[in-house]
């Protein structure tokens, strides 16, 4: 960061980056289907992925570079409170076990590409579907931007692109190149590119974590020492707030926050368009259920990774920007070449989700805004073309966001995005199990949740920020500090239920439901469920 | 939660209760933060708070796997009994 370019690490980083670039472009030929010009192909990889590809894809998608940087950074900054990411990812899997297979089935029966497609089909409401689509796009954009922040952190520590005094073009050039390459292969290969690159990303990440979790504690004198030093550091009183910096265990007052953050985030994760895109690309409903039993491996990795935050403290890493704590730890602890591998893991870890997120946002725009409102008679080829172009625009937007605005803006918006996306839960998951909710009630509940969440988040101050200083606030009526997103979600549900009673009493039009109960349990091979698209290279099966 | 068409096996069966328990248990364990917000006993120097939650990653994985296996068996039994597409 301060001591010039780390040549060896940079060399290794560039090597891996080039390797995945080649893979990204070649991915277009991987398990290629005859009908390329359809959104199922470009945007869902032909809906053909088996258990392992889906596992890598979802893992690469959900556990992003930003996660790897931000979770240990949160631990580094405040201790126990940052560890909520672990219970959060524990809770995700039993949760999705119950509803994702139903979404998969109904989507395959009716050719749905996005969650908004389903909501429109189920409730016969373009308005509700638009609300879900816009929320998804809004929540995804800052998430993509944060992937760039992750790459930037790595580049900074390697000594390229850092420094406040270099001119902006030199400073941002590496990021621009990385992004240009990403945009190009996503455009040409669609979802196949991140699916293939995810293998490299996850292999690298697992190697790095395995080494880090053994090698670094040994160098630092064991976990006893690591936690003793971290405990001392957290006990020190921060002069700005007059409170200790953090704690090794959440205090009584912080436990509500911890639990609500874990629960709210778990509910929100599979509302994100990129999670759904990766899910719908799988070959059968069994693939999804099986994946809920093997995906937790990533949670274990995340937990170990979080512990790196303590190691950064014990190793005496001092950074003003917490995001740099882990890359700096790697640079300080590892030999140069292995630091390069670690940086490559984070860098590639950003490319995979960024690609999937931009595809997901593009699909939402194409299906639920362009086709529903602008050009209803668009052909499959047109849809694919629009989606490809939008995926580019989304990425350029994220890039501009990161380059022109302060990083905290991206983080604030990502925080808001989490609160927002959770508000689509009643329409989506509610809709998967029951048609009882009224579409207008769902729309009203969504709106109330969005407004409450945004206003509440705006009002949270922290020592460094006047607004958007955190994601927790006093829960009205309970008095404990809890996750704003979850509070907004509860309000949302209450409004939805009450208005549903009212609207049903008033006999408001229900809208047409194009799905039937048996659609929710259909599996590959059942009549009406489109099987894998005809393969151009027969026999390349999984 | 899951609607089953008019077939003979009851909607609530012991297997399904076990499945539900497997899926709900992690929520109870993880959201009851007070039950594990302590440093002792430590494991190889890692405070209880951290290793306990990581242990729950494994426990919940095992529980979800169990639920998955039971579910598959439940489905097969129903298909055999019904001879057609069931939930």
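Cβ coordinates are placed from backbone N, Cα and C, and glycine is handled just like the others.
All TrEMBL annotations are machine predictions without curation.
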Quick test of your reading of TrEMBL: among A:386-405, A:506-525, where does it put transmembrane segment?
A:386-405
Counting only pairs 6 or more apart in sequence, are there at least 3 Cβ pairs under 8 Å between the transmembrane segment (A:168-187) and the transmembrane segment (A:337-365)?
yes
Same-chain residue ranges lying at least 6 outside the transmembrane segment (A:294-317) that approach it to Cβ under 8 Å:
51, 55, 58-59, 62-63, 67-68, 71-76, 82-83, 85-86, 89-90, 93, 205-206, 209, 212-213, 216-217, 220, 225-227, 229-230, 233, 325-326, 328-329, 332-333
Long-range neighbours of the transmembrane segment (A:481-503), counting only residues six or more past its ends (CB under 8 A):
253-254, 256-257, 260-261, 263-265, 267-268, 418-419, 422-423, 425-426, 430, 436-438, 440-442, 444-446, 448-450, 452-453, 456-457, 460, 471-475
I need to check the long-range neighbours of the transmembrane segment (A:411-433): which residues 6 or more away from its ends have a CB within less than 8 Å of a CB in the stretch?
99, 102-103, 106, 115, 118-119, 122-123, 128, 131-132, 135-136, 138-143, 145-146, 149, 264-265, 267-268, 271-272, 442, 445-446, 449-450, 453-454, 457, 465, 467-468, 470-471, 484-486, 488-489, 492-493, 496, 520
Listed stretch, out of A:6-28, A:49-69, A:199-218, A:337-365, A:440-461, that has the most CB pairs under 8 angstroms to the transmembrane segment (A:256-273):
A:337-365
Cβ under 8 Å to the transmembrane segment (A:49-69), counting only same-chain residues 6 or more beyond its ends: which ones?
85, 89, 143, 146-147, 149-151, 153, 191, 194-195, 197-199, 201-202, 205, 269, 274-275, 278-279, 281-283, 287-288, 290-291, 294-295, 297-298, 301-302, 305, 323, 326-327, 345-347, 349-350, 352-353, 356, 542
Is the transmembrane segment (A:128-148) in contact with the transmembrane segment (A:440-461), using at least 3 Cβ pairs under 8 Å (sequence separation of 6 or more) as the test?
yes
Given a Cβ distance threshold of under 8 angstroms, which distant residues of the chain, six or more beyond its ends, lie next to the transmembrane segment (A:337-365)?
6, 8-13, 15-17, 20, 39, 42-43, 57, 60-66, 68-69, 113-114, 116, 133, 136-137, 140-141, 143-144, 147-148, 150-151, 153-154, 157-158, 178, 182, 185-186, 190-191, 193-194, 197-198, 200-201, 204-205, 207-208, 211-212, 272-274, 276-278, 327, 330-331, 386-392, 394-395, 398
